[in-house]
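Worksheet for the structure shown next.
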Amino acid sequence: MELIFLGTSAGVPTRSRNVTAILLHLQHPTQPGVWLFDCGEGTQHQMLNTAFHPGKLERIFISHLHGDHLFGLPGLLCSRSMAGNPHPLTVYGPQGVREFIATTLRLSGSWTDFPLQIEEVSAGDILDDGLRKVTAFRLEHPLECYGYRVVEHDKPGALNARALKAAGVTPGPLFQALKAGKTVTLADGRQINGADYLAPAVAGKSVAIFGDTAPCEAALALAQGVDVMVHETTLDASMEEKANARGHSSTRQTATLAREAAVGRLIMTHISSRYDDKGCQRLLAECRAIFPATELAYDFSVFPV
């Protein structure tokens with residue numbers, strides 16, 4: 001998997017940062033895909049500067065209904081429809097996202113020519129496509145807001161073909177059953193348990209993508225042990241009280257969460273427009289002082305998971 005940041009500003013766009021949107025590129029050899037997390041104003045325009053377009057999107061996850069995370073959605077849906085893409089799309093989000101989509105399409109005389117499914121979520125598992133699971137966590141914000149934890153299922157370990165050949169099993173259809181961990185019966189009556197010839201399973205990758213939030217109990221469960229945590233750092237440590245009062249987090253609080261959750265890497269985003277490049281570097285330094293494995297996202301930054 002890899003993350004492509006389309007917008008990294010909080011509240012309003014700046015000359016160098018658009019409002020929130022993140023692509024998750026699912027780099028699977030047989031079932032690749034592209035998911036979008038939040039869709040602030042101008043998201044479809046930002047996508048024009050990437051290798052992806054709205055027609056490739058399979059799922060969109062909205063954290064909450066504040067405009068800087070949502071106002072780009074109607075235009076993106078309409079453009080996807082005008083392009084003649086017939087592939088289905090599912091939108092996940094809090095209560096009200098269905099009404100928002102229906103109302104904006106109706107009042108603007110717009111529609112979608114592709115199957116559009118809208119799922120209003122609550123805390124808990126919301127998706128398992130056989131390759132990965134998505135769990136929603138309710139966060140602390142003035143509006144109903146969620147963070148999404150995406151975890152790939154573990155991959156089976158490699159089959160020890162050399163040991164199987166030594167046991168008299170020739171490559172062929174039986175290998176597929178053995179690779180699945182099944183027990184097969186050979187022509188001579190012997191039974192071979194595939195699990196005995198498999199290397200340990202390879203742990204799937206995981207990412208936690210937070211919506212806007214002040215520190216809350218659910219945050220630790222959402223982030224616990226993930227390879228990558230994407231979290232807002234709206235304000236610096238000196239403005240922590242102001243951040244929390246508005247349902248946001250400071251640099252210090254975000255980095256402390258990353259450390260306590262034992263994540264592999266923290267990616268900072270949702271930066272207040274008050275910070276210029278020098279100010280952003282100060283935010284990054286504040287996080288790294290607590291959690292060194294921290295990166296600052298810019299628009300069009302790409303990070304592997």
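The backbone N, Cα and C atoms fix where each Cβ goes, and this holds for glycine too.
Feature annotations, courtesy of Swiss-Prot:
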ACT_SITE  Asp68  active site, proton acceptor
BINDING   His64, His66, His141, Asp212  Zn(2+) 1 binding site
BINDING   Asp68, His69, Asp212, His270  Zn(2+) 2 binding site
Other Cβ atoms within 10 Å is the metric here; tell me which of the recorded positions Asp68, Asp212 scores highest.
Asp212
Near His270 (Zn(2+) 2 binding site), how many other Cβ atoms are within 10 Å of its Cβ?
27
Nearest-integer angstrom distance between the alpha carbons (Cα) of His64 (Zn(2+) 1 binding site) and His270 (Zn(2+) 2 binding site):
14
All-chain count of other Cβ atoms within 10 Å of His64 (Zn(2+) 1 binding site):
23
Give the sequence-ordered set of same-chain residues, not counting Asp68, His69, Asp212, His270, with Cβ within 8 Å of the centre of the Cβ atoms defining the Zn(2+) 2 site.
Ala10, Gly11, Val19, Thr20, Asp38, Gly40, Ser63, His64, His66, Gly211, Glu232
Quick one: what's DSSP say for His141 (Zn(2+) 1 binding site), helix, strand or coil?
coil
Please name the residue among the binding-site residues His66, His69, His141 whose C-beta has the most neighbouring C-beta atoms within 10 angstroms.
His69
For the Zn(2+) 1 site (His64, His66, His141, Asp212), what does the 8 A shell look like? I mean other same-chain residues with CB within 8 A of the CB centroid.
Ser63, Leu65, His69, Leu139, Pro142, Leu143, Cys145, Gly211, Thr213, Gly247
Measuring Cα to Cα, how many Å separate the residue listed as 'active site, proton acceptor' from His270 (Zn(2+) 2 binding site)?
10
Between the Cα atoms of His270 (Zn(2+) 2 binding site) and Asp212 (Zn(2+) 1 binding site), find the distance and write it as a whole number of Å.
8
